[in-house]
Amino acid sequence: MGMGLRNGFLLILSCVVTLSLSVLGRPATFLEDFRITWSDSHIRQIDGGRAIQLVLDQNSGCGFASKRQYLFGRVSMKIKLIPGDSAGTVTAFYMNSDTDAVRDELDFEFLGNRTGQPYTVQTNIYAHGKGDREQRVNLWFDPAADFHTYSIMWNHHQIVFYIDEVPIRVYKNNEARNIPYPKLQPMGVYSTLWEADDWATRGGLEKIDWTKAPFLAYYKDFDIEGCPVPGPVNCATNSRNWWEGTAYQALNAMEAKRYRWVRMNHVIYDYCTDKSRYPVTPPECMSII
């Protein structure tokens, strides 16, 4: 992910993250389960560690990650995004294996907009080091007016990106067809907010309006349910984990209907149909949901 900062300008991007982490059924404060990965001087705990504030200025941005990694499960956040003119900003919520050549990663990236235009969410999937699987969806609601829940479900059968329990993307396990699927490497949970006006809004045509700073986004009810690594040896292969159940191995009828609605009405970019990048349709795009 590009995180280029423009020197000479003072921009303060702040976001408040309210943590209600549920790993193995217990609540957590920030320092119990998270660590600062980027510029501790720009992260401030609020409300006894149940919330934190992130700041990006001309000197540095900031970010944090879970102290542990997880292999399969579900992660979610309730997020209220930057209101008004947010062009050039990116708010990210993602999982990453923190490896190089064989990186696995599951991304939500919320791309800022000019006032009055739809907010765009970009998803991407890296499996065994291969990425470039971007899809973009224009949201059908104002994500800055209230909190909405963004979730990633990851099991042996499929990866599903949800918004308010509406699936917006499905990536099936098609290893039988020699299509890479992330299943061997545990991933940490990350969140960052940064300036990326060289690409984030209309391919970089729309720049940040610095007079609108500070930009504010809010998170709460952060939740992880999965197999921690290190942890119980057989957890990730236990078919009795709820996220491995029959109900989560494919979309149910209602989810499939909602998924078709999103695909028909709100997808604005799909690498599967981008013939300029992929003259031959990638094999995973041929799978039946």
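The backbone N, Cα and C atoms fix where each Cβ goes, and this holds for glycine too.
Per TrEMBL, signal peptide is recorded for 1-25.
Positions annotated as domain 'GH16' by TrEMBL: 19-219.
Non-local contacts of GLU105 (active site, nucleophile) by the CB criterion (under 8 A, 6+ apart in sequence, same chain) comprise TYR94, MET95, ASN96, SER97, ASN124, ILE125, TYR126, GLY131, MET187. Residues or ranges marked as active site, nucleophile in TrEMBL: GLU105.
Residues or ranges marked as active site, proton donor by TrEMBL: GLU109. There are 20 other Cβ atoms within 10 Å of the Cβ belonging to GLU109 (active site, proton donor).
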